[in-house]
Ligand code: IPM
Ligand code: MG
């Protein structure tokens, strides 16, 4: 039986990095005798340009009928610089998250031995840092209504809304992941100011007794932002609401030395989506210079999380580690040494897997 993979390259560097992840998936499926059937679809600015909708119905249909979605990136500067644009690429991503029910975004933060010197933080602080940020993805201020402008245009408002049910499902997931790791859960909120955060904390306290072997702590988001860079090793699993998770994971991505290294998995009700945490990096689009590793590692998460294929995921991780070790890296981490192109890195990884 062939696994159905929806491929959504999106904007900017999306198509280039997704092409490398596909190469790697092909090498893996060949080696392990699996069968993948890929179908591409439009998303983001590219979809707006071609069909006027950043998440067209055809794309949604395809995702709903796929075992997993491999996603590149979305976003284009022509929309960023036009606050009055009626349709925006990001709306496509949000609609996809909401309609596919992707409520949990797993963003692992770790270091790579041969990249540690690239981290803006001191080696002794980051060496061995390894935590999982679980970001709630379909609620909070990203989706709360009302949102908009007053009639005279002089006031704007967003609403942060969470139901107890939404909070409980993600907090329980946090406890479960902590159970599979070092058994420590940090629930990040702003309960000293926000009503939604107080509900998060209340629910955390309600469900904690169900997980007696997990050590749980509650931390304000401003403190968490500070601790991520001053003492990242203190964290094991962190669970937080949508916007806090967006911000904290960009911050945490610098720990590894490059944002181009961090993958993510969005899991949910209908299917799961695997995508790098970085954006569409429009300045690099079409230049064959972007780091494909975050997308390749997202594919590793796809094997592990969507298909339970742990050996396959591990081999992809090993290939990425070895490419770093061998200095087969793109310019963001080349450090003045030879920089390889996006496709050269992809070829090297695929070849490593074939020979392994
Ligand atoms: C992310 C991105 C998105 C978000 C944008 C592109 C809407 O920053 O996935 O972290 O804010 O969720
Ligand atoms: Mg973000």
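Placement of Cβ uses the backbone N, Cα and C atoms for every residue, glycine included.
A 10 Å cutoff on Cβ-Cβ distances gives residue 222 (substrate binding site) a total of 13 other Cβ atoms nearby, all chains included. Summarising the annotation, TrEMBL assigns substrate binding site to 97, 107, 135, 222.
Residues annotated as Mg(2+) binding site in TrEMBL: 222, 246, 250. Look at residue 246 (Mg(2+) binding site): DSSP puts it in a helix. For residue 246 (Mg(2+) binding site), the same-chain residues that are 6 or more apart in sequence and have a Cβ closer than 8 Å to its Cβ are 135.
Residues or ranges marked as domain 'Isopropylmalate dehydrogenase-like' in TrEMBL: 4-349.
A simple way to gauge crowding: the CB of residue 142 (site 'Important for catalysis') has 19 other CB atoms within 10 angstroms, across all the protein chains here. If you look up TrEMBL, you'll see 142 (among others) marked as site 'Important for catalysis'.
Within 10 Å of the C-beta of residue 190 (site 'Important for catalysis') we count 20 further C-beta atoms, all protein chains included. Summarising the annotation, TrEMBL assigns site 'Important for catalysis' to 190 (among others).
Selection of the recorded positions 135, 142, 222 by a Cβ distance under 6 Å from ligand 2 yields an empty set. For residue 250 (Mg(2+) binding site), the same-chain residues 6+ apart in sequence whose C-beta sits under 8 angstroms from its C-beta are 259, 277.
Of the candidate binding-site residues, 97, 107, 222, the one lying closest to residue 142 (site 'Important for catalysis') when CA atoms are compared is 97. Cβ proximity to the Mg(2+) site centre (mean Cβ of 222, 246, 250, cutoff 8 Å) flags the following additional same-chain residues: 221, 225, 243, 244, 245, 247, 248, 249, 251. A gap of 8 Å separates the Cα atoms of residue 222 (substrate binding site) and residue 190 (site 'Important for catalysis').
Under the three-state DSSP scheme, residue 107 (substrate binding site) falls in the strand class.
In sequence order, 132, 133, 134, 135, 245, 249, 252, 262, 263, 264, 277 are the residues near residue 107 (substrate binding site), counting only same-chain partners six or more apart with C-beta under 8 A.
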